[in-house]
Each structure stands twice: as C-alpha cells, then as structure tokens.
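For 420-528, 836-953, the entry in TrEMBL reads domain 'ABC3 transporter permease C-terminal'. Among the features that TrEMBL reports, transmembrane segment is placed at 118-140, 161-182, 415-438, 459-487, 507-527, 591-616, 835-854, 880-903, 923-945.
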Amino acid sequence: MATVWMRLRADMRARWRVMLGLALLRGLVGGAALTAAAGARRTETAYPRLLAWANASQVTVIVTDADSKPQAGVPPGATAMLLAGAAQDHCPPGVCTVTADQRPGEIKNYTGIRDTPLLLGLVLAVLAVGTLIHVLVTGVRRRRRDLAVLKALGCTRWRPLLGLALLLGLLGGVVLAAAAGARRTDTAYPRSLAWANASQMDIVPQGTGQHGYFDALAKLPQVQSMATGQLFQAALPSHRQTPVQLISSLDGGYGTRVDRARILAGHLFNENTAGQAMINQAMAAAEHLRPGDKVRVLGVPNSQKTGTPDYSKAAILTFTVTAIVTLDPEMDITDGGYGAPAVLVTAPFTATSMAGALSFGTLAAVRLVPGTSVTRFIATASALAVKYKGTLGRIDVISQADQVTALEQAARPQAVALAAFAALAGLIALAVLSQLLSRQLALEAAEFPVLRAFGATRGTLVAISLARLAIVTVTGAIFALGIAVAASPLMPIGPARAVEPAPGVEVNLAILGAGVAMITLLPLLVLSPVAWRTATRAAGPLGVAEPGSRRGRPSRLAALLTRTGSVPGSIGVRLAFEPGRGRTAVPVRSALAGSIIAVAAVAAAVVFGTSLVMLIGTPTEYGQNWDAVTDLGFGGVTPQMADQFLAASPAVATYDAGDYGQVTINHKSVAAISLAEGSGYLTLLAGRGPRGPGEIALGARTLSGLGLRLGQTIQVTANHENSRTPDETTAMKIVGVVVLPRFARGTFAPTGLGTGAVVTASVLSEPDLTTGCPRSPCYNFFLLRYRPGTDMAAQEAGLTKALRASGCPIGSCDTTGDQRPAEIRNYASVRNVPLVLGAVLVLLAVATIAHVLLTSVRRRRRDLAVLKTLGCTRGQVQRLVAWEATALATAALLAGIPLGVLAGRQAWAFFANTAGVAPGPDVPLPLILLAIPATLLLANLIAAWPGWTAARIRPAVALRAE
C-alpha cells in the first residue's frame with residue numbers, strides 16, 4: 001500500500017498540470033450535463049408544482065341570469081367599422097381589439113426557445129473541438145520521439161504526397177463529374193415533367209368542350225389538376241409555308257399551372273392582360289425577337305364552304321412578347337432543335353371575334369391522381385362527352401405516355417456515354433494511380449529496416465504506409481469533390497440541357513458521396529496487400545530488397561530472343577514482363593492491365609461508334625426504305641387523283657400510298673400507318689408485312705412493351721378520326737416485326753424506332769369530304785422512289801410547289817426526304833462521343849506506358865549501368881527500351897483488340913435490341929488492322945524520351961550511388 005501511495009505521489013508531482021487540466025475539463029463537461037438534466041426536470045414539473053402550491057380549482061361553474069343581456073357586444077357592421085377605425089365608438093375599452101397576431105400559444109412558446117438548438121449545437125461543437133485539440137496535443141507529446149525519428153529519416157516527404165493527391169483529385173473529379181452528369185442527363189426530363197406539373201393526356205373533343213364539358217371533366221375525382229386551351233390556325237407572316245402553333249389558355253392555367261412554361265428570358269405574362277404572349281425559342285429565332293418586342297403572326301380562318309384554310313381572309317395578329325420560354329420540352333428533345341414555332345397568348349384573346357374564326361379545336365390537359373387507371377378514366381371521359389352536345393358526343397385522347405418514354409430514351413445516349421466514360425476512365429485511373437502509389441510506398445519503405453531497429457512492428461509499418469495513403473486519398477477526394485461541383489453547371493449535355501429544370505450548380509449527394517467514399521477507400525483496399533508485403537520484406541536482413549517468397553517465372557519470349565542473339569530484344573522483353581524484386585521492382589502488371597483496358601475500350605468504342613454512324617447515315621437502317629414522302633397531313637386524296645398527280649413527275653419511278661391513324665391494343669393507344677396490300681416498302685426484323693385486314697406488324701419495342709409475341713392473335717381497335725366512321729375492333733395476327741421512321745401528323749404521337757404499327761389500307765382509310773375524297777380508299781401520304789440520278793432537293797421543291805398550285809393548304813402539304821425518328825436525331829448529336837471517349841482513353845494509355853517506362857529506367861539504373869559496363873552501347877540501350885515499349889503494346893493489342901471487338905459487338909447488340917433496329921454491328925476491320933501499326937509506332941515514340949534518358953546513364957556515377 002505504501003508503494004502504491006509513493007507511486008501516486010510521484011505521478012502527481014510529475015504530471016500535476018495534466019491531471020489538473022483533465023479534472024477541470026471533466027468537471028466542466030459533467031457540470032454542464034448535470035445542469036441540463038436538472039433543468040429539464042425542473043422545467044417539465046414547473047406548472048404542476050405551481051397548481052399544487054396555489055391549491056387550484058379543477059372546475060369553474062358560471063351562472064347567468066336568463067333575462068340579462070350582455071353588457072358589451074359587437075353590433076352588426078362592426079367589422080366594417082373596425083376597418084374604418086370607428087370601433088372605439090361602439091366597444092367598451094378592453095372588449096374590442098384589433099390585432100395582426102393570432103399565433104397559438106404553442107407558437108409563442110416555441111418562439112421563446114427557437115435559439116436553444118443553436119446554443120446546444122454551439123456548446124457541443126466547442127466540446128468536440130476541445131477534445132480534438134486535446135487528443136492531438138497529447139498524441140504529439142507522447143509520440144515526440146517517434147516523430148523525431150521519422151523526421152531524421154526524411155519520412156515526411158509532403159511534396160510527392162501533395163502531387164499524388166492533386167493527380168488523384170483531378171482524375172477523380174473528372175470521373176465524379178461524368179458520373180453525376182450521366183445521372184443528371186438521364187433524369188432531366190422526368191424532373192422537368194415534375195416541375196412543370198405536366199399533363200398525362202390531352203382530351204380533345206370533336207366539337208368544343210367550352211359549354212360545360214370541361215367544367216364537368218375537372219370535377220371528376222380522378223383528375224388531380226387540369227387546364228384548358230384553345231388552338232388557332234396561324235403561320236409566319238414572312239414564310240407562309242411555316243405553320244405556327246398559336247395557343248391560348250381558356251382558364252388561365254395552361255402554361256402557368258399545368259404544363260408550366262420554363263422561362264429562359266423575360267417574365268411570366270399576366271394571364272388577365274390582353275395582348276401579351278410568350279414565345280418559344282423557334283419563334284424567337286425565326287423572327288429575331290426578344291422580350292419586349294412585338295410578335296406578328298398570320299391568322300388564317302377556315303373557309304365556311306370547304307373547311308380548308310382561306311388565305312384571302314387571313315389577318316395579322318400582334319402581341320407583346322413578355323418572355324422566351326420552353327413551351328414544349330418534348331419538341332426540344334425529339335426534334336434535336338427548337339421544334340416548331342409556338343406562341344402562347346393570354347386568355348382574353350379567346351373572347352375576341354377573330355379567335356372564333358381561327359379556332360380549330362379545344363383541349364384539356366389532364367393530370368390524374370396517382371394510381372388512377374388510365375383506361376377507366378378515358379371510358380369515363382368518353383361517357384361524359386355524350387351528355388354535352390358541344391363535344392359532338394366524341395373525344396380524342398392524346399396520351400403522353402409513349403412520348404414520355406421516347407423522350408427519356410432520346411436523352412439516354414448522352415447519359416450512357418457519360419456513364420461509360422466514367423466507368424472506363426475510373427478503371428484506367430485506378431491502374432495508373434496504383435502504379436504511382438505503389439511506387440511511392442516502395443520509396444517510403446526504404447527506411448523501414450531502421451524503424452524495425454527502433455522497435456516498430458510489422459503492423460506499425462503497415463499502419464504508417466496506409467496512413468500516408470489515407471492522407472493522399474482524403475486530400476484527393478476533397479479536390480475531386482470540388483472539381484465535380486465546379487463542373488456541374490456544364491451538365492446535363494445534349495438536348496436534355498434544354499429541359500433541365502434547375503440549371504447551374506448541383507450537388508448530387510448520393511453519387512458524390514459514394515464517389516468520395518470510393519476515392520478514399522478503394523486505393524487503400526487495392527494497395528493494402530502491397531503495404532503488407534513491403535512491411536514483411538522489411539523484417540529481413542536486406543530490408544525492402546529482400547526477395548519475395550514467390551519468384552516470378554522468367555519470360556519464355558525473352559529466352560527465345562536470347563537464343564536468336566537479340567540482346568536488346570531479350571532484355572527489353574524481360575524488362576516489360578518481369579516486375580523484378582525489392583527496390584528495383586516495377587509495377588508492370590498494373591501497367592499491362594491498364595494498357596489492355598485502354599486498347600479494349602478504344603476497340604469497343606470504334607465498333608460501337610461505326611455501327612452508330614452507319615445507323616444514323618443509312619435511312620434503310622431506321623426504316624426509310626424510300627427516297628421521299630409526300631405528306632397531305634389531315635387531308636386525303638383518292639388513288640386516281642394520286643396517279644394523275646404523280647404521273648406528271650417523271651422522276652418518280654414507283655410509289656406506295658398510306659394513311660395515318662391510331663390503333664388500340666390491350667387498352668393502349670399505338671401510332672399506326674396503313675400501306676397498300678403486298679407492299680415491299682417495309683424494313684422488317686422478323687416475319688413479313690401485313691397482307692390483309694386480319695394482319696398487323698408491330699415495332700420491336702411496342703411488341704415487347706405490350707407483352708406480345710410474333711404469330712399471336714390479338715384484338716385491335718382502329719381509332720378513326722372522322723366521327724362518321726365508327727371504331728371497329730378486329731382480331732389480327734402479328735405477322736412481322738417492323739422498323740419505322742417518323743410518321744407524324746399534328747400533335748398525335750408519332751411512330752419511331754421500334755414503336756408503331758402497320759396495317760393494310762382498308763383498316764385505317766376513311767372518306768374525307770372536305771378534300772374531295774368521298775369514299776375509301778382515301779390516302780394521307782405517298783412514299784416515293786426516284787429514278788437513279790434524280791436531284792433530290794430539286795424534286796422535293798418541285799413537288800411541294802405543285803401541291804401548292806393544286807390547292808393544298810400552305811403548311812398542310814409537304815414533300816421531304818428526311819423522316820429521321822427523334823431517336824436518330826438525338827443519336828446524331830452524340831455520334832462523336834465514342835470517338836472522344838476513345839481519344840481520352842488513348843491519352844490515359846499513353847500516360848500509363850510512359851510512366852512504366854520512366855519508372856523502369858529510374859529503378860533499374862544499376863542494371864543498365866552494369867549492362868553499359870559489360871559493353872552495351874547507347875544505341876543498344878535505347879533499343880532495349882524500345883523493345884520494352886513494343887512488348888507492352890503488343891501484349892495490349894493481342895489481348896485488348898479481341899476483347900474490345902467482342903465488347904463492342906455485345907454493346908451494340910444490346911443497344912440495337914433496346915432501340916428496335918437490326919442488331920448486326922459494323923466491325924471496321926481495316927480500321928482495326930490499321931490501329932496495330934499505329935499503336936506500335938506510338939509506343940516507340942513514347943519510348944524515345946525514356947530511351948534517351950537510359951542511354952545517358954553514366955555507369956560510374958550510377959554504381960557509386962548504389
């Protein structure tokens with residue numbers, strides 16, 4: 001007991017300051033905790049204790065005289081008197097008050113303690129900082145001797161660590177920016193729909209919905225939100241062939257509350273002010289308009305006799321532009337540009353006489369309550385329309401579901417490209433940085449035997465190595481996070497950028513958080529075995545130069561070159577494939593792996609990119625198996641009229657006729673066209689084209705989306721536009737899988753890659769009295785094949801001019817050779833992305849090979865010096881470095897090209913099956929074969945500088961340093 005007391009007194013004399021500080025700190029923390037606990041209990045019981053002290057009553061009984069009248073009251077009209085300031089004349093003092101403070105008692109109490117959480121947080125932060133400072137000071141004080149030893153050994157080399165951290169931050173920032181950009185690009189359109197409170201369908205009555213139908217529709221329980229609009233017939237004054245989408249909101253909600261317009265410049269119009277308008281970018285570009293300018297559109301009324309546009313009565317309409325907006329984000333994506341010119345005017349325009357003459361329909365943009373059955377709602381809306389004469393008893397439903405799917409897929413190529421770039425760049429960056437960090441570990445481990453002599457264990461040495469790596473990775477992760485956030489305004493890319501609801505800086509916590517964690521931890525996991533092996537070798541008498549337990553197998557190729565007498569060749573191959581041991585070890589495996597990944601990625605990018613370019617540049621690949629289409633829009637002509645018109649054009653060799661339409665399959669509306677029986681104009685993936693009214697061909701994505709299969713018989717309803725032609729449901733057999741280009745009419749959903757249906761002419765054709773086609777068949781468009789040598793542009797212009805001369809309304813008839821689907825237009829905008837990706841990966845591969853060559857020359861200076869001492873000339877030393885680079889490049893080509901071609905073919909097959917086109921990839925064999933000598937030449941160019949450095953090694957200086 002006396003010994004313990006003496007030891008305690010000695011410790012108190014030697015460390016009384018530390019013990020006093022700890023006692024004060026613990027007393028402060030403990031006192032604060034006890035005070036808070038006691039205060040919480042006292043606060044909670046204050047009111048119950050007050051009631052007990054006051055002997056408070058539990059019930060109050062109030063007895064009043066039945067004949068008595070209130071002594072004070074508020075007479076009728078007192079509210080107005082209060083507002084007028086006359087309350088004091090009618091209310092006794094203290095009875096009537098005017099106040100703006102109607103906060104509940106709880107809110108007033110909460111206001112009194114609103115700063116409490118901040119104060120508590122501040123106290124906890126001070127305690128945490130104090131604890132951290134105490135731990136650091138104590139650690140430094142206790143490890144003073146170890147730090148002195150490390151400093152004497154030069155182990156605090158911060159400059160290399162900072163350089164590695166900056167490089168890691170740069171590469172990691174690029175990968176994080178690409179990954180976050182991929183996610184932002186992929187979700188831009190769905191987020192835009194949510195921001196805009198986008199409608200799910202448009203209800204378009206055959207007549208009008210203004211006389212009670214829209215009001216009744218809005219009251220249905222399935223409707224979450226709805227806005228109504230009116231469509232007007234208009235064109236550009238300077239170019240009458242260009243129609244303008246002139247829209248006005250009937251209830252003031254279209255474009256503001258439902259399908260909200262995103263303002264790019266200017267301000268939102270006042271929906272109750274006449275003469276104001278918002279225009280889209282296409283209109284602003286066509287007429288060179290800015291906010292504050294006057295926009296002029298040509299209003300074209302319909303003829304009372306024929307129902308066609310009457311340009312003799314057209315009038316100029318003028319509005320004041322308040323903003324340039326994105327009215328329809330779908331067009332901005334699918335058309336690869338700004339879409340058609342559009343003008344959204346305020347509601348008072350609908351009350352003008354000109355609006356009635358220009359109107360060609362009304363619509364209700366409807367957003368349903370989540371979980372509502374679309375099919376049942378359409379049935380309910382159709383049954384409701386029968387009750388209102390203004391609708392003519394019938395409605396058309398334009399579902400946005402197919403368009404939303406198409407638009408999401410339109411933005412997906414850019415997102416996939418960014419994701420692929422992030423993944424491949426991350427793999428190659430990991431390979432390059434693994435080399436650099438493992439080399440740094442080997443350099444830092446040179447003093448491990450000395451630390452072992454001071455008593456450091458193997459675990460301590462591993463901890464030292466991983467701690468240094470942690471400094472690099474944590475610092476690099478912080479830099480990478482900053483770079484990714486700084487680069488976020490550049491995202492999203494492609495057409496999705498036009499519909500991004502929140503442009504500018506974005507912090508995606510999920511992706512950036514996971515990325516920072518991977519940047520911090522993945523290098524530690526990958527290099528932990530290296531740190532363990534380095535610490536294990538440090539226990540031997542040779543330190544890090546101690547041979548490993550597993551000896552590498554000599555290169556057979558090097559042995560073969562030795563037998564042929566090629567000294568530089570055999571030594572260069574050994575340098576390329578034998579990593580060496582100890583301080584002369586070179587990370588050749590990681591370099592070879594990085595080079596193989598880069599070559600494979602480039603080969604895959606070339607295969608995928610050339611296949612994509614072929615799809616974009618070959619119309620037959622996306623279904624346009626003809627030269628041009630003559631489109632009559634909503635009009636129609638008889639076969640005799642078509643024969644007479646097209647026979648006047650000698651350039652037309654053959655043609656086929658067809659109709660637009662919509663069919664319903666499994667309660668889902670599908671865009672459809674009809675062609676003449678036995679048509680050979682279709683591009684088929686499987687089966688054949690329809691030959692009778694009981695057969696149908698579907699796009700691949702439509703087929704899979706509906707859960708159908710080739711050869712199956714299904715029920716198909718042909719939805720006729722003309723109210724005089726009833727809808728008919730027919731059993732049809734799926735006889736083919738077809739690839740369709742863009743067939744679009746008005747605002748109805750178009751066909752596209754893998755979407756749509758094809759039937760025979762009798763299914764969709766219907767009479768059109770307004771265009772001189774009183775009975776079926778009556779065709780809407782014609783597919784033309786020209787004779788060889790025809791000037792396409794001149795022929796299309798001539799046919800369009802002839803259509804105008806024959807009386808076809810301006811903006812309704814057109815001849816064009818461009819029927820690229822929306823997906824093809826968007827793929828065209830990213831067709832160079834695989835090549836750019838390949839170029840970046842080539843640069844990373846070049847950096848990898850250059851680094852391994854420089855590292856090999858630096859670490860094997862002694863070996864090269866011995867070779868020069870034994871008689872190797874400078875030229876031979878340069879050649880052996882060239883042999884090393886050639887061997888690495890050859891191995892990368894032999895393994896990377898087959899893997900890359902296979903990966904590219906598989907990627908294209910997956911892409912083609914998803915897009916609904918032919919899955920056969922285009923493998924550019926000449927280009928791939930040309931890449932072999934180009935790669936070898938590039939490798940030897942890279943080896944020039946390391947070879948020159950190796951040739952300048954002076955044996956005496958190098959061996960003296962060893």
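Keep in mind that glycine also has a Cβ here, set from the backbone N, Cα and C atoms.
According to DSSP, the domain 'ABC3 transporter permease C-terminal' (836-953) comprises 101 helix, 0 strand, 17 coil. Residues 424, 427-428, 431-432, 435, 577, 622, 824, 827-828, 831-832, 834-835, 837-838, 841-842, 844-845, 848-849, 851-852, 888-889, 891-893, 895-897, 899-901, 903-905, 907-908, 911-912, 917, 921-924, 927-928, 931, 935 of the same chain lie 6+ residues outside the transmembrane segment (591-616) yet bring a C-beta within less than 8 angstroms of a C-beta in it. Residues 155, 161-162, 164-177, 180-181, 437, 440-441, 444-445, 448, 451-452, 505, 507, 512, 515-516, 519-521, 523-524, 527-528, 531-532, 534-535, 538 of the same chain, all 6+ positions outside the transmembrane segment (459-487), place their C-beta atoms under 8 angstroms from a C-beta of that stretch. Residues 415-419, 421-422, 425-426, 429, 432-433, 436-437, 440, 468, 471-473, 475-484, 487-488, 490-493, 506, 508, 511-512, 515-516, 519, 523 of the same chain sit 6 or more residues outside the transmembrane segment (161-182) yet have a Cβ under 8 Å from a Cβ within it. Looking at which of 415-438, 507-527, 880-903 has the most CB pairs under 8 Å to the transmembrane segment (835-854), the answer is the stretch 415-438.
Within the same chain, residues 168, 172, 175-176, 179-180, 183-184, 430, 433-434, 437-438, 441, 466, 469-470, 472-474, 476-477, 480-481, 484-485, 488 sit at least 6 positions outside the transmembrane segment (507-527) and bring their C-beta atoms closer than 8 Å to a C-beta of that stretch. For the domain 'ABC3 transporter permease C-terminal' (420-528), the DSSP-based tally of helix, strand and coil residues reads 93 helix, 0 strand, 16 coil.
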